[in-house]
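> This is the structure, below, for whatever I ask next.
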Amino acid sequence: MKPNLKQWKQLMLFGIFAWGLLFLVIFIYFTDSNSAEPVPSSFSYIETKRLLPLQGKQRVIMGAIHDPSFSEAIDGNEVLLNEDLLDTFKSETGSIKKWTDLEDAFRSEDEFFPSQIGRKSKSAFYQVNDDYLFAAGQPMSHNSFQEIAKFISADEDNPKESILQNNWSRQRRMRRRSTKHRRSQMLDESDDWDGLYSTMSKSFLYKLWKGDVSSKMLNPRLQKAMKDYLSTNKHGVRFKGKRNSKLTGDQLFCELKERVDVKTIDGKEAPFSTLGWEKHVPQIPLGKLYTHGFGSCAVVMSAGAILNSSLGDEIDSHDAVLRFNSAPTRGYEKDVGNKTTMRIINSQILTNPNHHFVDSSLYKDVILVAWDPAPYSANLNWYKKPDYNLFTPYVQHRKKNPNQPFYILHPKFIWQLWDIIQENTKEKIQPNPPSSGFIGILIMMSMCNEVHVYEYIPSVRQTDLCHYHELYYDAACTLGAYHPLLYEKLLVQRMNKGLQDDLYRKGKVILPGFKSVKCPERNNFPPL
């Protein structure tokens, strides 16, 4: 019995070994065969983003949420409309009207795709497919552009129109089904992140060009940001005026001319008077620095959309050029030029060592105009508790550079602009100061005969890239979260005297200076 038992045990061990060997062979076979197949990236886009280097510089966005935990790299600028398509706009009679026929093809169920929530990839929502217009943040394929160009320029009775529209409708329905699932999935993943980012739809951009947008068309998170700022009311805004939007562009211009007073801290009001500030501030007010003013002026926004614009020579041809914050010219001359006459800087520039305010050439040999958010009451006790303490570096700079014109804007001027924006907007706007861009436009309108503003209202190169010199993507930089940017841009669009083609191609708005236009008597305006 014992030999048989021993043989039985040996047989069992041999069987177990054989099964193990067979399992190992099968496992190796399948793993080898899978490795021969194309394998998707071993990291999701979100996981890969965590491996990207973080942005080194602090972003100079007054009041913006600062969260450098994500970064995004996109090859080139995210262009919304191809030049071939734009050429068709220009050449065809009634082409703008035909563009409205395409709006539905560009529109998803929302005016704003929340496809950058948490600065996550657009490809998280939309598959990369050449047949999809601007899918996943990629440029449209050449064939797709040719089809659209043919569609726009075709005759009204061309049967290809209905075929193409039907094809787009079918693709759109398929995309919506997959998008809803992807969108809900991404929203679930990003519930713990409170950023406010979205990507502009093509129909929204077109409506912005026409001045026909509202906050209801924004991404839900941007809408939530606006509601949060309204409820927080950090600056104690108590608006007592009336809201309407009935003024024409010319009437709005005259309203601004009548009421805007570019006021700076002159050292004569308390507490500055008791601190001896009269000896620190320039003796000549900003408005009288150039007695005859300027002829033509350029206001150059720092928006990423100005990349690849080749506007540098045109910008430098102006008599004066205004730039903002830490926006450089070196290395970007082809797109932004190199002339700088004035630079508007917010208080973060003076206080954050990363901006090298003390020793950078950006802030030398130019007029400097600084500002800091103050209470709506414009109480100058704000000196004791500014958002960022710009006063100490200001005095230090004035002592070292007494001949350089350097001003601090009076809170009364800043909130005066806010009042005018709110009075001319039906909706309640964010109770926060206007953007540096809007402030700069109004300052130059008071000093120049004509003002050319570049990429304030975005061109066809519109992108979520905040600044042309920083790798940071945020749709709030274009439409506003903290600042009432959307409403500012609608006012500027209303006053635009430039060509529509310049707006589409260059992102250029032309505004008359206050001294160049004679306005009628104030009682001719409708009551505010």
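Here the Cβ of each residue, glycine as well, is placed from N, Cα and C on the backbone.
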> Based on what Swiss-Prot records, which one of Cys254, Cys297 is disulphide-bonded to Cys519?
Cys254
> Looking only at Cβ atoms, how many others are within 10 Å of the one on Asn338 (N-linked glycosylation site)?
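Summing over all protein chains shown, Asn338 (N-linked glycosylation site) has 14 other Cβ atoms within 10 Å.
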> Spatially, which candidate from the recorded positions Cys297, Asn338, Cys466, Cys477 is nearest to Cys519 (disulfide bond), comparing Cα atoms?
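In terms of Cα distance, Cys519 (disulfide bond) lies closest to Cys297.
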